[in-house]
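Q: Handing you a structure now.
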Amino acid sequence: MRTCSFLTVLLWSCAFHVIHMMPSQKRTNKHSHSERITGLSQNDGKTITGLSQNDGKTLHRTKRGWMWNQFFLLEEYTGPDTQYVGKLHTDQDKGDGNLKYILTGDGAGSLFIIDENTGDIHAAKKLDREEKSLYVLRAKAIDRKTGRQVEPESEFIIKIHDINDNEPKFTKDMYTASIPEMSGVGTSVIQVTATDADDANYGNSAKVVYSILQGQPYFSVDPETGIIKTALPDMSRENREQYQVVIQAKDMGGQMGGLSGTTTVNITLTDVNDNPPRFPQRTYQFSSPESAPPGTPLGRIKANDPDVGENAEIEYSISSGDGSDMFDIVTDKDTQEGIITVKKHLDFENKVLYTLRVEATNAHPDPRFLQLGPFKDTALVKISVEDIDEPPVFSRPWYLMEVDEDAREGSIIGQVVAQDPDKANNAIKYSVDRHTDLDRIFNIYSGNGSLFISKPLDREETPWHNITIIATEINNPKQSSQIPVFIQILDINDHAPEFANYYETFVCENAKAGQLIQTVSAIDKDQPPRGHKFFFELVPEFTVHPNFSIVDNKDNTAGIMTRRNGYSRSKMSTYLLPVIIFDNDYPIQSSTGTLTIRVCACDGRGNMQSCSAEALLLPAGLSTGALVAILLCIIILLVLVVLFTALKRQRKKEPLIISKDDVRDNIVTYNDEGGGEEDTHAFDIGTLRNPEAREESKMRRDVIPETIFQIRRTAPLWENIDVQDFIHRRLKENDLDPAAPPYDSLATYAYEGNDSIANSLSSLESLTTEGNQDYEYLSDWGPRFKKLADMYGGEDSDRD
């Protein structure tokens, strides 16, 4: 069909080309004057000269040169020969071959070829209008002999005529769209667009018409705009959610032989809240033990809603029933289930069965679909309570008891009561949690719960006691409960008041009679309900005291007053004043406190200066001059000590050994035990026998000498000098050398003398001698060597 369409267009274009080229061949100078003027081409390079009609003269035109019109060429030519475009001709061409035609511009020489003798133009290649729709070229006519242009260079255009060789193409290979379910007929879904690369201004090659190939009867498409719309009412997402629609775009106005392209549109119906929740069953059964604490979940129920997302969100509530106060229901947002929980403590003995009516409602109803019916549903829930063995229950949540601190041991201070809530009503025993009463001050009768005292109480030590009482079933000790008991110890006036502080009281020697010298107060460990009230007075023996008196201020304080003028430290330096303190509670408690009053010297303002009696002797003792003399003596002694210390340090820096007879009392002892005769590393006797092999003299390393002495080198000794003579010489050198180390050590050189006549007694070297040794001389050494003579004395002993 596409080939037929192409041939039709090709034949029509060829006919148009022949008709269009005919006027160009008839345009010669033989035409009338008026025809030449009206038929002049826009590409003519000539100008019209002459007078206007207003001058009454006829217009004249110069001779025409180039002769052609605009050229047209069909695209996609597939013929065996090159496609003829047209002919360039000038009236200067006499046909003798003297002129040469030259073509330049777009595609000259590659796409378009000109015959330089005749001016015929051919298309060398197949052209595509969608790539380039027109070509601008320039023509020249040159005299072959002279090489000059016989006509000025002129420009002409070759336009490419379109054929329907491009099918419509959609902007997307696949479209995705969505629309709410239950939408009305004609609701726009999406617009698809297809474009055609053909020339829209030439025929119907680019005129596109849309149609639907797949998706009917649910959707339709506008043939001109490509807008897809719904074609059926009330499409439900719950029935079908996905639709695939195929749209066709066809050119040539949709006529037979036009080219077409298709695209796919995936349409999804989105959810709306058009379905109410529905319980799958009308009645639900649950059970709960009576010991379940509040908040315990008992079960789940769920109403089904075919909607999705927030349209399927459900809220559960208890609308009615005898258990609405005992139970509650909450919504699980993840599963959209209703969770039934315990709201209050249950009691099997009180009620066994509860009935609830639960309602499920959409959380987000859509007003557009309320006419479809109520968007809620109800179900009946029955909950049965199971009986269990419960622990004892106390009559109160806590107990408060009071007892006087002077209560006797064994006194009952109160009673706690508990009972078994079960029908069996088991017997109960009571006990005290000893972790809360470590001192075992309280105890309880296990049968009736009476609490009594086991030890004396002291409110001042512990005013409150918090203990825990345990009630346990006798038949089932695992069932027990606890209750706190708060015991307050009531105060009894069992402590006497006493002074609040230790008072350091003094009276001036120049005090006047009736002068206040001290204000005292009291404290009491007891706490009477009406507050403290203290009274102060002197002991009866001192009621009429010649020196001091006490005045009660009626505010739990009292003032100590003087009763005479002047006091003397020399006569009496300290006074003792006993004071009795009473309280106002029953029974009355009192105590006696003694104030120590010192007599002191004061200035004119009453400020204390001195209170000690020894200070009276100071004026009769040392004078100021004597004190200064003592101080100077002390300073002189300190200076002498410093000088003595400096001289002693200076003396320590002098050489210790001044003469050979000067021996200090510092002896350095090296307790180093040798390794025996075979030890050749401990001490080398060769050093003594070879004096020249000894090390050079070294300076002391423990102190830095003030003057570095020049090391004296002694005259070399003979090789065969006696060791004793060597030692004596070395002693002399060290005695005369003040820098010889060490300063504070005693250098001792001992000489044992010549070899012993007994030689060595060791048997270690006997193996190195030739033959047997003679030990008979051991017998001549006396009884001390008898044992040794028996061991080594003769051959008989060796054999034994």
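Glycine residues also receive a Cβ, built from the backbone N, Cα and C atoms like all the rest.
Bear in mind that TrEMBL entries carry predicted annotations, made automatically and left uncurated.
According to TrEMBL, the record shows the following:
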type     : residues : note
COMPBIAS : 39-54    : compositional bias 'Polar residues'
DOMAIN   : 90-170   : domain 'Cadherin'
DOMAIN   : 171-279  : domain 'Cadherin'
DOMAIN   : 280-394  : domain 'Cadherin'
DOMAIN   : 395-499  : domain 'Cadherin'
DOMAIN   : 499-616  : domain 'Cadherin'
REGION   : 25-54    : region 'Disordered'
REGION   : 283-306  : region 'Disordered'
SIGNAL   : 1-21     : signal peptide
TRANSMEM : 616-647  : transmembrane segment
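Can you walk me through where each of these features ends up in the structure?
A: Sorting the domain 'Cadherin' (90-170) by DSSP state (H, G, I as helix; E, B as strand; all else coil) yields 0 helix, 41 strand, 40 coil.
DSSP places the residues of the domain 'Cadherin' (171-279) in helix, strand and coil in these numbers: 3 helix, 47 strand, 59 coil.
With DSSP states grouped into helix (H, G, I), strand (E, B) and coil, the domain 'Cadherin' (395-499) comes out at 0 helix, 47 strand, 58 coil.
On the 0 to 100 pLDDT scale, the domain 'Cadherin' (499-616) averages 86 in this prediction.
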Q: Are there residues at least 6 beyond the ends of the region 'Disordered' (283-306) whose Cβ is under 8 Å from a Cβ of it, and what are they?
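A: Result: 238, 275-277, 312, 314, 316, 327, 332, 335-348, 358, 360, 362, 377, 379-388, 390.
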Q: Where DSSP helix means H, G or I and strand means E or B, what are the helix, strand and coil counts for the region 'Disordered' (283-306)?
A: 0 helix, 13 strand, 11 coil
Q: With helix taken as DSSP H, G or I, strand as E or B and everything else coil, how many residues of the domain 'Cadherin' (280-394) land in each class?
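A: The counts are 10 helix, 56 strand, 49 coil.
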